[in-house]
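Heads up: the structure comes next, in structure tokens.
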Amino acid sequence: MAFGKSHRDPYATSVGHLIEKATFAGVQTEDWGQFMHICDIINTTQDGPKDAVKALKKRISKNYNHKEIQLTLSLIDMCVQNCGPSFQSLIVKKEFVKENLVKLLNPRYNLPLDIQNRILNFIKTWSQGFPGGVDVSEVKEVYLDLVKKGVQFPPSEAEAETARQETAQISSNPPTSVPTAPALSSVIAPKNSTVTLVPEQIGKLHSELDMVKMNVRVMSAILMENTPGSENHEDIELLQKLYKTGREMQERIMDLLVVVENEDVTVELIQVNEDLNNAILGYERFTRNQQRILEQNKNQKEATNTTSEPSAPSQDLLDLSPSPRMPRATLGELNTMNNQLSGLNFSLPSSDVTNNLKPSLHPQMNLLALENTEIPPFAQRTSQNLTSSHAYDNFLEHSNSVFLQPVSLQTIAAAPSNQSLPPLPSNHPAMTKSDLQPPNYYEVMEFDPLAPAVTTEAIYEEIDAHQHKGAQNDGD
């Protein structure tokens, strides 16, 4: 089984393996040919920039070997100058600059002064930008943070050469006049160049920085006095103007931090920029809270309007008003109908009774208008039982109900008996032909309101035979 390096090892890639060999401590001096070969691989492969940066991180991370660190810095310098934006954009990230290069400045690594100055020079030069639109905001942030901590950056070789030329020119031709101090907006030099301010320029710069400080104090006071949702209109207008001016001044301060060489001026610029940035962040937070409160008020207003309006038109709602009452006949109409029906021995109920009655199940039949009608006991009991049931006023008029007609029955006292009568035999005396009178029967109508059939069945019970038998016994 062959043992090899893991794919997670940065040295396992082709470019990583070359970087490991070129920066090994056993190498006597920089192999520039090998360095150029590494640059070619970075430029010609898709994963070359990423793999190269990973290998460089591993070489300088927690490395106490000064020889390997020096060789690695030389390789980094050559790759930055000869590789494209894909490599440059990775090398200027905070992850590489702050987590690897800046940590080498820790005293525990005990780096020589020339190596420390080389690292600081890298950070300062990269913060000034690259051609091709490479984002250097992260390395610039690291640079400003180091300046704020009081780290002194050495002048670059170009700056040292320019300073020597200016010194020689001043010594040969002393100036006859003092240049006018430019404003803050004019103390901006082109990229990859620095500016050495004269005392007049420094004084002018301090006066403009004082104006920026005053604007910051005014912005802070307005933000403290106003509350989102109940702010003063005039204060908000002034705050917007100060915010716009502060944004412009912040951009100029950032440009000055890159080109100005005076350490005292740089420290003051950093402090003013920090105060201005806090004021700008406070204004943006105030604006967000203001927008949120406006949206909440708008939503509450819409919710109030929604609850105050009916959810549906009134014509679509259920009509719970009482139903219209049935038309009633007047007293004159009742008298006229009584006169017309007098010949039929019918009479209409009085107006008082009519007013207290509900509409009957079948309005076309007025059962209460019958007079002198003999109602059998069975029908009376049935009517008493039915009165306790519910009356359905809305029963359909075209129902196929069969109405029971009252039947006149003879009232004959019968002997009380608790048992049902047995059927008469065929040879019973009451069934003989000599009997002249036919037997009398009670006609009992059996009515079941829940039965599905529409016909009724009559049950006949012979009573006369019982009576004849009793009379015959008495005669004997």
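Cβ atoms are placed via backbone N, Cα and C, with glycine included.
The domain 'VHS' annotation in Swiss-Prot covers 22-154.
As annotated by Swiss-Prot, compositional bias 'Polar residues' applies to 170-179 (among others).
According to Swiss-Prot, the feature phosphoserine maps to Ser171 (among others), an assignment based on similarity to another entry.
Note: the domain 'GAT' (200-288) comprises 79 helix, 1 strand, 9 coil (DSSP; helix = H, G, I, strand = E, B). For 200-288, the entry in Swiss-Prot reads domain 'GAT'.
The compositional bias 'Polar residues' feature in Swiss-Prot is assigned to 298-314 (among others).
The phosphoserine annotation in Swiss-Prot covers Ser314 (among others).
Sequence annotations record features per position, and here Swiss-Prot assigns phosphoserine to Ser321 (among others) based on a large-scale study or a structure entry.
Sequence annotations record features per position, and here Swiss-Prot assigns phosphoserine to Ser323 (among others).
Along the region 'Interaction with GRB2' (392-395), the predicted structure has mean pLDDT 50. Annotation comment: Swiss-Prot describes 392-395 as region 'Interaction with GRB2', evidence class similarity to another entry.
If you look up Swiss-Prot, you'll see 421-425 marked as motif 'SH3-binding'.
Residues annotated as phosphotyrosine in Swiss-Prot: Tyr460.
Across the domain 'VHS' (22-154), DSSP classifies residues as 93 helix, 0 strand, 40 coil.
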